[in-house]
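Here's what TrEMBL has on this protein:
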{"type": "DOMAIN", "residues": "35-342", "note": "domain 'Plant heme peroxidase family profile'"}
{"type": "SITE", "residues": "59", "note": "site 'Transition state stabilizer'"}
{"type": "BINDING", "residues": "64, 67, 69, 71, 73, 88", "note": "Ca(2+) 1 binding site"}
{"type": "DISULFID", "residues": "65-70", "note": "disulfide bond"}
{"type": "DISULFID", "residues": "116-338", "note": "disulfide bond"}
{"type": "BINDING", "residues": "160", "note": "substrate binding site"}
{"type": "BINDING", "residues": "190", "note": "heme b binding site"}
{"type": "BINDING", "residues": "263, 271", "note": "Ca(2+) 2 binding site"}
């Protein structure tokens, strides 16, 4: 196989991991590690057992907080208030969300006094620290309460689409009081994780009306690997790593990737390598490529690609700001189960 793909890890690993994590977390609570220590123990164990969970936990923060603020609504399986569209999990822009079992395990150990919303932001913070090898750290204030509303329609209307143009991306972020520079900074999370083909199919299209500029050699290598992964993952919508760094040397060479300044051995590490790939137009999503289509965001991509320490500091600040988005609504609670509101338990 040419890369580390989400679909290639056996489900049995995750099942075993949950049992191991449960024991470790129980020991942490008994040992007096407290809420944050317990969360950190779980997250470290989870990522060690299944590296896919790091990007998944980081992604949950954005997908929860961007829709109605940080209220844990992305975790709900059902609620009387979701309407006919289903909960946020059913939204197309939430395809591939994962890490829910990790959140469940933390909740089970911490009990009813800690909100699911707090667990999401704490777990995302710790995942960033682990994946960056301790270089990304920020403070998270707790005390959030959980919302009771979760709507796929609201998620579809609020989350940025992978085919958004730069103007749409800027407007989307401005609506949440985030600057164009912060848009670029947070996009650096695509140094890790995977994307489904359905989110970048337009980049492989031969139609000029659909396709967006993409380096020809990278496009050819990506198209070939996608077809291979359909068989490996047994799906018509396979996943590919966001970051060309995480592909094997054969793929990178076929793409003509210039790896200068990139540690190609640092597979799965949260660093500034996303920007170095983007300047070569070797990124999966149109929305990532669009960062090059405005003077201010293009300049920011260049700056962050050349200064890893600056990106780490700015990413930490942007994640702290994201984790502080206030919950919207009038009714809140601290859920007993992160998957359902209390009157359904």
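Each Cβ is built from the backbone N, Cα and C atoms, and glycine gets one as well.
Per-residue confidence over the domain 'Plant heme peroxidase family profile' (35-342) averages 96 (mean pLDDT, predicted model). Each of the recorded positions 65, 67, 70, 338 was scored by the number of other CB atoms within 10 A of its CB, and the lowest score belongs to 338. If you take the C-beta of residue 59 (site 'Transition state stabilizer') and look for same-chain residues 6 or more apart in sequence within under 8 angstroms, you find 97, 99, 189, 193.
Fewest other C-beta atoms within 10 Å: among the binding-site residues 64, 71, 88, 263, 271, that description fits 263. With respect to residue 70 (disulfide bond), the closest of these recorded positions in Cα terms is 116, chosen from 88, 116, 160, 190. Using CA atoms as reference points, the recorded positions 64, 65, 67, 271, 338 were checked against residue 160 (substrate binding site), and the closest is 67.
Its Cβ placed at the centre, residue 116 (disulfide bond) has 29 other Cβ atoms within 10 Å.
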